[in-house]
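See below for the structure under consideration.
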Amino acid sequence: MALIPSQVLRVAILLSYFSILCHYKALDMPAHQTYGGSWKFLTFIDLVIQAVFFGLCVLIDVSCLLTKGGDSREQERQLRKLIGLRDWMMAVLAFPVGAFVVFTFWSLYLYDRELVYPRLLDNFIPQWLNHGMHTTVLPFIIIEMRTTNHRYPSRSWGLAAVCCFGVGYILWTCWVHQVTGVWVYPVLERITPLARAIFFSAMTAVICVFYTLGEILNSYIWDNPHTEKVKGE
């Protein structure tokens with residue numbers, strides 16, 4: 001795909017995330033007024049991750065255009081750092097967290113929506129915004145993967161980083177419950193402590209699976225075996 005269309009796509013996706021975040025923050029929801037605010041919801045954290053990631057992609061596109069034809073080694077070095085950060089975010093956060101949010105939300109929603117998205121929320125969140133938070137995330141990130149070859153870290157380091165994120169969010173969720181006495185998601189209220197521990201472990205395993213799937217998909221799209229990409233690390 002040509003450079004300019006890719007740039008336009010990234011700008012459009014970034015603007016869509018800005019719109020979704022602005023509309024989401026403007027919602028007058030009781031849960032937003034309690035401890036942790038919007039930051040206790042993985043959906044909101046994921047939206048911020050996606051917005052930051054695509055903002056970084058746009059910054060790199062602009063930097064490439066501005067430095068095109070230049071021979072400054074310092075500019076090239078800074079650009080390589082940005083590209084390295086972009087690839088790390090894609091591998092460890094943007095794809096696995098985004099895919100995890102879409103998969104877990106719709107799986108629980110189809111099983112019993114009251115476990116994750118009670119009907120009461122329909123009074124606050126319009127359908128288009130719900131899909132903007134829980135559906136379009138995955139096709140957007142796949143579009144980015146299709147237009148740019150991202151260099152993944154070694155699988156062990158990547159999985160370790162994803163696990164740190166997952167465990168960190170679980171600890172944050174437990175802390176919110178410790179402070180407020182209420183679990184962030186209704187499903188956690190309905191299961192026993194043992195089942196809750198199993199649920200947390202299973203969700204951590206699932207997000208690790210999505211990291212691996214992202215790595216495999218990126219290699220498949222670009223016909224670039226992972227062993228070649230990490231050679232020399």
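Every residue, even glycine, has its Cβ placed from backbone N, Cα and C.
Keep in mind that this is a model prediction, so the values were computed, not measured.
Features as listed in TrEMBL:
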- 7-27: transmembrane segment (TRANSMEM)
- 47-67: transmembrane segment (TRANSMEM)
- 88-108: transmembrane segment (TRANSMEM)
- 128-145: transmembrane segment (TRANSMEM)
- 157-178: transmembrane segment (TRANSMEM)
- 198-221: transmembrane segment (TRANSMEM)
Among 88-108, 128-145, 157-178, stretch most in contact with the transmembrane segment (198-221) (C-beta, under 8 angstroms): 88-108
Of the listed stretches 88-108, 128-145, 157-178, which one has the most C-beta pairs under 8 A with the transmembrane segment (7-27)? 128-145
